[in-house]
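Trainee: Reproduced below are the annotations present in TrEMBL:
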- 47-70: transmembrane segment (TRANSMEM)
- 82-107: transmembrane segment (TRANSMEM)
- 113-132: transmembrane segment (TRANSMEM)
- 144-164: transmembrane segment (TRANSMEM)
- 184-205: transmembrane segment (TRANSMEM)
- 240-261: transmembrane segment (TRANSMEM)
- 313-333: transmembrane segment (TRANSMEM)
- 353-373: transmembrane segment (TRANSMEM)
- 385-402: transmembrane segment (TRANSMEM)
- 408-427: transmembrane segment (TRANSMEM)
- 439-467: transmembrane segment (TRANSMEM)
- 508-605: domain 'STAS' (DOMAIN)
Amino acid sequence: MRQRSASIRRASSGGASPLLSTIHEEQAEAGAKALAALRQPTPFSKAAVFGLVNAVAAVPSLIAYAAIVFKDPIYTPYLDLLCKFFFVSSGIHQLVFVCLSSLPFAVGQVQDVGLIFMSAMATSIAGTALAAGQSVQVALGTSLLTMTVSTVIVGLATLLVARYKLAEMVQYLPLPVIGGYLGFVGYFCIASGMSLACSVTIDSIPSWANLFAKDALLKFVPAVLSTAAMILTMEHFDHPLALSGVLTAIVLAFHLGRLILGVSLDQAMDADWVLRPAEGRQEFWKLWELFNIQDLQFDGINFPAALAQAGKLLGLILVVCFGSCMDVAAIQQDLPERIDFDHELVTVGTSNVVTGCLGIGFCGSYIFSQTIFTMRAGVFSRWNGIMIALVELTIFALPFSIYMPNFFFGALLVWFGVEISRDWLVLSYYKLTRIEYGLLWLTFGFVMQFGLEAGIFAGIVFATLYFTYAYAKSQITGLDVCHNLTSNVVRTMEQQSAVQLFAGHCAVTRLHGFVFFGSAHALSRSLDQVAGRLVASAAGGEEGADGSPRHHRVTGQLGPNSLFDGAAEGPKRAQVSAALRAAPRFLVLDFTSARGLDATGARTFGHDGIASLLRAHGVDAAALRWPPEVADEGGVSGWAAAAGPGVRRLAARREEETEAEVLRLPHMAWTQLPPELTHAPAGARPLAFENLQSALRFAEDQFVATAVRYSLTRPPAARFSLAELIDSHLEEIPIVPPGASKDVAATLEQYLESRLLRYGQRLWRLDEPAEEMYILERGSLRVTQYRTGLAPDISWHGLHEAEERGSGRASPDAASTPDRAYRAFELGPGCVAGSTDFFLARTHRTQAVCSSPVARVLCLSRQALGQLAAEVPQVLAVLELVIMRANTLDLTIAAEIGLDVERR
């Protein structure tokens, strides 16, 4: 029965249009109304009729199941009695489902998914018993006892799966392996059906030649015609009584033809057209005598043969648990409300335990096709299941002899086999990848050749090997290598120019998933190539063909900065070339998305392994969040560990430090390692950082330090005065006479207010009117952009949470506060803050918090701006130049970040 999904896809709240929202609401409302209509009380008469229909549909399947399980010829004389076990077992299953299932329309019967294992058990026990010279009664009793105990164990295993919520674990079996197994089930049904219909033995590929005997061909024709009638009926008729009518017509047509030809029933039995009923023991309470246990004496049981089925029992547990999970999932797809998955598995497990303990155990579960059929018909009454159970128990209790032709049972089996084989061996070609489809057929071939356990195990091994190959290949091809990434630190014009000069000296690689033996070596080789290209590109960027410095990117040409202007022909050319040669190269390994490493991955990407790999190229390594497998035990990683006890003590006593003590510490000390750790000595381990921004900031600080060492820029200072800021910009665009910057700064300071901030103190709030703009003289500010909603209150503790979230880690309450997703920037001395919102006369789109122990800012209010424009417009023009250049640099950085994000 075809399945349809009743789930409604919901658009994200941020991107859903009103029209789509309306459509989704209408669909949800329609689903709710449909469910309410289905939940209306179902009349008893309707429930009883559908119960009879479901029972009539189930009876032929149960007869076929009995023929599948007990297909060995030694069981043939008992087949009519064994069918009774399937009727009573299904009836008990159904009663348990009526009592425990949360679905009033549930249909639970003996299921087909485990038949192949139970059949393998019965056939194996029969062969062992006959080989030992034991009677048929011993083989039959051992088989019944083994399957009864197995059903109890399967039920207990299903209860454990539900108790510990392991349903997803059961579904970890590779789909190609399940498909290959089910394909074999289909072949097995076809072979068993033809063997039963034509009274020949088909247990191997060569044995199919037995069908060409004259008597077998005569029986082959009605079997094929009956199978075709069943298939065509199911494809072209939807009425629930259509199939039952065809099945009845096949049996009546056989007996009508027999009477016309003058063949008696005994003659038909002698010619193997009809099964001969077993002699005696027709009373249902005597059926348990087939267990061959007398007075609790187990002399008639072959225990070694039973214990030899342990491997098949494991397979039975897996396929029944997997099949039950799939059945519940299939029902969920058609039900407009949520199903308690674990509760339904408890129902399945309990029904198997109960039937097994009653000595009539054959593994059962939901019959999802009949369950969905009943639900769609609007039968929400447990009388449906009660009626099914009553019919099956009645057939079990009444005298019942099989007078149906053998080709009828054979046609049923062939029909089942054709449906299963077509779905998995043919139609799955369009649902699986070509390699997975090949694995399915490979599993099918192994099962055919080596048996169930060995075949399934071989399929799992090959599926695992393919996964290993595919996963390793995806890791290698999916290795992200990003160049020209910049940190969130907003620097002065000169410092940013220095950072861009050495942009080709840093690369970031992101490792994804689980790094294991299948990918570690290839990833190491890829990183070696990245390091080689990093060195080559950095060396190639030192000088062009004419000996002038090359630049690695358009934005790296530094625009109007003096760092390169005239360098090609002036004295700075040698300085720039020397700086490019001396600057360190950094390869940042981002382990943020790496789920873990095995021993091979830890050895390859551990401190010693990765350091030796990169040291050969002269590249320094900076790792983000070493995974636990390679992290230093008890050590502190990152710049805080290497910055020395003085800096750590200063960070721990932020609120206790005096202004003089703090202001003597350069701003770069908060992001830069001490000079003695700038270059790692031979054999040193890579540096570790908590997040990508910290690693990029460290690399940029080293680039700035290199530029300072070669006199390409001024050294960073703890204080960047207003006069120095104006002078740095007027050097590039001299709109006032030389030496006038101090006078301009002195005049401008009369209109500015100096303000001192402590760590964690807020300078402005999100959505607060922008009535001031700021120039940062000392310390640092963290400016945060929020995507939605109002900003949370950031205090001392909140700032640490912000830094943690900025590194890609979620704080405990981050999931419940959607407005905490943002992008943050770090502003140092000499930076202009809040000017965009100030000049656009709008509320702040960001929030600024002091991120250093102490910071000093110069504030220009809107009123002071008006006075400045009226009294000294020439000074205002200088200020506007400074702000314009600062904002232009900000736009350039934002464009580069956007380009990098787009590339990733």
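Including glycine, each Cβ sits where the backbone N, Cα and C put it.
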Trainee: Among 82-107, 113-132, 184-205, 408-427, point out the range having the most Cβ pairs under 8 angstroms from the transmembrane segment (353-373).
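Mentor: Ranked by Cβ pairs under 8 Å, first place goes to 82-107.
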Trainee: Does the structure show the transmembrane segment (47-70) and the transmembrane segment (439-467) touching, where I'm treating 3 or more Cβ pairs under 8 angstroms (sequence separation 6 or more) as a contact?
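Mentor: No, these stretches are not in contact.
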Trainee: Which residues of the chain, 6 or more past the ends of the transmembrane segment (113-132), have a CB below 8 A from one of its CBs?
Mentor: 65, 68-72, 74-75, 138-139, 142-143, 146-147, 150, 154, 181, 184-185, 188, 192, 302, 304-306, 308-309, 312-313, 315-316, 319-320, 322-323, 362-363, 365, 451-452
Trainee: Mind checking which residues of the chain, 6+ beyond the ends of the transmembrane segment (184-205), have their Cβ under 8 Å from one of its Cβ atoms?
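Mentor: Apart from its flanks, the transmembrane segment (184-205) reaches 67-68, 71, 73, 112-113, 115-116, 119, 211, 213, 215-217, 219-220, 222-223, 227, 272, 406-407, 409-425, 444, 447-448, 452, 455.
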Trainee: Within the domain 'STAS' (508-605) only, compute the mean pLDDT.
Mentor: 65
Trainee: Near the transmembrane segment (240-261), which residues from the same chain, at least 6 beyond its ends, have a CB less than 8 A from one of its CBs?
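Mentor: Residues 53, 56-57, 60, 222, 226, 229-230, 233-234, 268, 273, 373, 403-405, 407-408, 411.
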Trainee: Other than its close neighbours in sequence, what residues sit by the transmembrane segment (408-427), given a CB gap under 8 Å and a spacing of at least six beyond its ends?
Mentor: 60-61, 63-64, 67-68, 112, 179-180, 182-183, 185-198, 222-224, 226-227, 230-231, 247, 250-251, 254, 440-441, 444
Trainee: Residues of the same chain, at least six outside the transmembrane segment (313-333), with any C-beta under 8 angstroms of its C-beta?
Mentor: 3-7, 103, 111, 113-114, 117-118, 150, 153-154, 157-158, 161, 167, 170-171, 173, 178, 181, 339, 341, 344-345, 348, 352, 363, 365-368, 371-372, 375, 452-453, 456
